[in-house]
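*Asks:* Have a look at this one.
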Amino acid sequence: MTIQSVEWKNDAIVILDQQQLPNEIIYEHLTTIEHVWESITYLKVRGAPAIGIVAAFGLALWARSKQSNHLELFLDEFEKQRDYLASSRPTAVNLFWAIDRIVKKVKRAQSVAEAKDLAVAEALAIQKEDVQTCRRIGENGLSLLKDGNTVMTICNAGAIATAKYGTALAPFYLAKEKGLTLKAFACETRPVLQGSRLTAWELQQLGVDVTLITDSMAAHTLKTKEINAVIVGADRIAANGDTANKIGTYGLALLAKAHDIPFYVAAPFSTIDLNTLTGDDIPIEERAAEEITHLQGKAIAPAATKVFNPAFDVTPSELITGIITEYGVVRGDYQTELTRLYSNEIETLQV
Ligand SMILES: CSC[C@H]1O[C@H](OP(=O)(O)O)[C@H](O)[C@@H]1O
């Protein structure tokens, strides 16, 4: 079964509503940019690359719907719509990378009609590129593992968090294609439970041996089970390699260090943000208290309980064994290596 997180269909956007998984596979049609904003804010679409892709289609959707022949006014309003989508979630840099790429392309238009076509074409290009990017991340990640290895992961950095294959889970897809066996331990990932609801579901669909644990079991599991590596996704990688990812990732990195287990971040180049110098500069989203005080609508804490609900934390680069990208595995002096990667990528794009 090929599950796709986001699809551009007949000038509308079709999303897999990830809040309904694993109990129901429900696809929703988004017909306004407000629907797109809501789908990101309420995690119907989540995962850094998928957020970028749906936001790019959101701008294309707005452009297609706009009745205007005045290019200057159209472009002014288009940039306001970019700012509107930018307000949906603050941490995943792919959101900003994608909508800024669309705006840059559309501003080359010589007419409103051309601007509309450029918006759709560029959003489709972003989605198509992400498929090959994540496949290459899977190949580079698999090169670090052996047949029969066991990998621990947190949250969901799978196919539904991207265009296809995923990032941290991409090695599992490539292993399957090559007839290799990888096993997984998935942390449930409180409070939104992306691990139990999405990763366990996604890996079962793939036919992978996946064991679900609560987040509090991670230390004991790393101590008592044969875990060969921890591989996680990313929402924003700073210029020095500090990485923001789902809350709980930093703790997992400390535990991996304590048990001398390699800890890898898997992410596309579009998640690397050289304008963010260190992890201290990464905006960390704080979400509603109800995500913690309630479970499926039922209170699991006393009314009016004070809550701290950061959706992400930052893993310092010194705890990261390597960053698995589509260009290879980056190690060591991340500042130098990521800057070099950036200049190579820019050179490639300019070819
Ligand atoms: C492939 S990016 C996945 C990344 O995004 C997740 O956050 P959220 O579910 O809140 O969008 C988590 O940090 C994953 O590692």
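Using N, Cα and C of the backbone, Cβ positions are placed for all residues, glycine too.
TrEMBL does not curate its annotations; it predicts them automatically.
Checked TrEMBL, it gives:
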| type | residues | note |
| --- | --- | --- |
| ACT_SITE | ASP235 | active site, proton donor |
| BINDING | ARG46, GLY47, ALA48, ARG89, GLN194, ASN245, LYS246 | substrate binding site |
| SITE | CYS155 | site 'Transition state stabilizer' |
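Describe the structural context of these features.
*Replies:* Neighbour list (ASP235 (active site, proton donor), Cβ cut-off 8 Å, at least 6 residues apart, same chain): ALA48, THR91, ALA92, VAL93, ASN94, ALA244, ASN245, LYS246, THR271, PHE312.
DSSP assigns LYS246 (substrate binding site) to a strand segment in the three-state reduction.
Sequence-distant neighbours of CYS155 (site 'Transition state stabilizer'): residues of the same chain at least 6 apart with a C-beta under 8 Å from its C-beta are CYS187, THR189, GLN194, GLY195, THR199, VAL232, GLY233, ASN245, LYS246, GLY248, THR249.
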*Asks:* Going by DSSP, give the three-state secondary structure for GLN194 (substrate binding site).
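*Replies:* It is helical.
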*Asks:* Is any of ALA48, ARG89, CYS155, GLN194 (recorded positions) within Cβ reach of ligand 1, i.e. under 6 A, and which?
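*Replies:* Result: ALA48, CYS155, GLN194.
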*Asks:* Quick check: which same-chain residues outside ARG46, GLY47, ALA48, ARG89, GLN194, ASN245, LYS246 lie with their CB within 8 A of the centre of the substrate site CB atoms?
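*Replies:* These residues sit around the substrate site: ILE51, ALA92, CYS155, ASN156, ALA157, ALA161, GLY233, ASP235, ALA311, PHE312.
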